[in-house]
């Protein structure tokens, strides 16, 4: 019997056919339709998923916003190590989605994967917050807890990343495509909202709240951890409403196996007597279906274009590391507000929300009216150029920041070397010797002692100003120990006879009378105005007429370059991101079969992970001056952009009808008593 009967009517009627008698399901197995939102076609379950995503993104971006400064000022790592570990963590976050997708598609399903890995996620936040408590152990304990917590967070956030959005899409009926599309818009809006709010709030929790006499990193990590716990609870609350599809197998695994079999089969049959095949993937035909091979062919054409992409992400991802470190050396007082250095990251999600409609509704139509054909690949190339320009601006700003006091450079033959100095003071002439180390800054303190002069070399440390505060240290020339009280919970002792204290950070402002005392005397020192982001050395001397007083000098001068100068680089790099990222994903999806879209998503995330690994490598092994490193990244991306443009020139885009599966071009597909009917005006 042919199920496709002709009919005189304009409508066509179909009746399903089965070779087996299928009894009707018992009443107990009939499922009630899922509850909807206010009578619409939107399942109520998506509310829990969207709220979960908002809280999770707040958790992730909020924690990540303060991570670099935590490494620098709490764990006391140098800038290169802080940058390297930051990007190692980011890279891991973009490699673990492959593991999460494999677990969801091949073993647990999306719901259980999200639940279990969210528990791992919360545990990571708890451990990370404990590692930020100064009273809990020493430096080694803090380091172990921090790295362990970050590893669990990377597994959690990366593992659920490919599952949550797709799980939300599963809640819709196939007939509600428009509602599903709007859901994804709201879903990605929640991502940006979580990122925007968290990157503004968590730096305030860190810098404006004091814990144990210093910045409250435990609170800055604890609040995002609490948000992740809320995300887990909210997601679990909707459990009974969710439509939970069983695991169907992982397409990424099938693609890898198909490619591996084709390569190995081609290698085994490399003899000249064996006929050649049109494409190297055709060597998988002995084991894999023709449709899968055709889909993988279309996929490999796009993956070839992905090869240069990691370099763009290497630049974009530095907003949370190198750019934040640059902000710590700038004047963050805008007059009406004093920004934290890690708050500048809020510009990226804010500008993304502004630029996406601006480009779609204004800039792209204007360019089109000017007769310029701005294809998807050309947009991506322009995005790369904008990122190059952003890093050129960063390099210029860095050179302005690094204008230091006039230090004399000493050229060393070894890592440590002794130098002889000839000191002349009035009629006195003295020769002295001091040892110095390479790549360090020193101040030479010269003092008069009766009828002679002497000197001492004091090392000037780096990375000593933090978060809108200033740093001070004291050199005591008295013959007795001095105890100095700089305010609440800030006191230090300086030993006698030219001992030098460590740096201590204090709030900016006037310090007209700092209380000091020795074993037999109390006195006050007038430190004057302590300026924004300056490092001071105070030399405590004794005057017969005035008593002890402080002579002030600047180790590192006040930050005079406003943090507002970072705005152009954020505008350029965010515009580049909108043209590159949004367009790149859209182009990739348009050029690949529907069965390969999850593979493309995995490959796209991998390019971000590789980009972070590039930054890690350069930061750890290049040993370049910072402005030179910025220039290097700009030039490398410009070179990569040229290569990508050449690859794009020879790429022939596929038309939608070329990508459409053959089954879609023929008759509707019949499977297990159901029919996939795409024809309009059709009744079943």
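Note: Cβ is positioned from N, Cα and C throughout, glycine not excepted.
Positions annotated as region 'Disordered' by TrEMBL: 1-28.
Through the fold, the transmembrane segment (58-78) approaches residues 85-86, 89-90, 121, 125, 128, 132, 139, 142-143, 146, 153, 157, 194-195, 197-199, 201-203, 206, 215, 217, 220-221, 223-225, 227-228, 231, 320-321, 324-325, 328, 341-343, 345, 349, 463, 466-467 of its own chain, all at least 6 residues removed from its boundaries and within a Cβ separation under 8 Å. If you look up TrEMBL, you'll see 58-78 (among others) marked as transmembrane segment.
Sequence-distant neighbours of the transmembrane segment (84-104) (same chain, 6+ residues past either end, Cβ-Cβ under 8 Å): 64, 67-68, 71, 77, 110, 113, 117, 147, 150-151, 153-155, 157-163, 247, 250, 252-253, 317, 320-321, 598, 602, 605-606, 608-610, 612-613, 615-616, 619-620. According to TrEMBL, the transmembrane segment annotation covers 84-104 (among others).
Residues of the same chain lying 6 or more positions beyond the ends of the transmembrane segment (116-137) and with a Cβ under 8 Å from any Cβ of it are 56, 59, 63, 70, 74, 100, 103, 108, 143-146, 148-157, 159-160, 211-212, 214, 217-218, 220-222, 224-225, 228-229, 231-232, 235. Positions annotated as transmembrane segment by TrEMBL: 116-137 (among others).
Taking Cβ pairs closer than 8 Å, the transmembrane segment (143-164) reaches residues 49, 52-53, 56, 60, 63, 70, 75, 85, 89, 92-97, 99-101, 103-104, 110, 113-114, 117-118, 120-132, 136-137, 598, 601-602, 605 in its own chain, all 6 or more past its ends. Positions annotated as transmembrane segment by TrEMBL: 143-164 (among others).
According to TrEMBL, the transmembrane segment annotation covers 185-205 (among others).
Panel annotation: around the transmembrane segment (217-237), residues 48-49, 51-56, 58-60, 62-63, 66, 70, 74, 114-115, 118-119, 121-122, 125-126, 128-130, 132-133, 198, 201-203, 205-206, 209, 211 of the same chain, lying at least six beyond its termini, place a Cβ under 8 Å from a Cβ of the stretch. Annotation comment: TrEMBL describes 217-237 (among others) as transmembrane segment.
Residues annotated as transmembrane segment in TrEMBL: 346-367 (among others).
Residues 312, 315-316, 322-323, 326, 561, 565-566, 568-570, 572-573, 575-581, 583-584, 587, 627-628, 630-631, 633-635, 637-638, 640-641, 644-645, 648 of the same chain sit 6 or more residues outside the transmembrane segment (379-397) yet have a Cβ under 8 Å from a Cβ within it. Look at TrEMBL and you will find 379-397 (among others) tagged as transmembrane segment.
Beyond the ends of the transmembrane segment (599-619), by six or more residues, the same chain brings 80, 83-84, 87-88, 90-95, 97-98, 101, 161-162, 251-252, 255, 299, 302-303, 306, 309-318, 321-322, 584-585, 588-589, 592, 629, 632-633 to within a C-beta distance below 8 angstroms of the stretch. Among the features that TrEMBL reports, transmembrane segment is placed at 599-619 (among others).
Residues or ranges marked as transmembrane segment by TrEMBL: 631-652 (among others).
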Handout entry: Folded-back contacts onto the transmembrane segment (346-367), same chain, C-beta under 8 angstroms, at least six residues removed
Key = 61, 192, 195-196, 199-200, 319, 374, 566-567, 570-571, 573-575, 577-579, 582
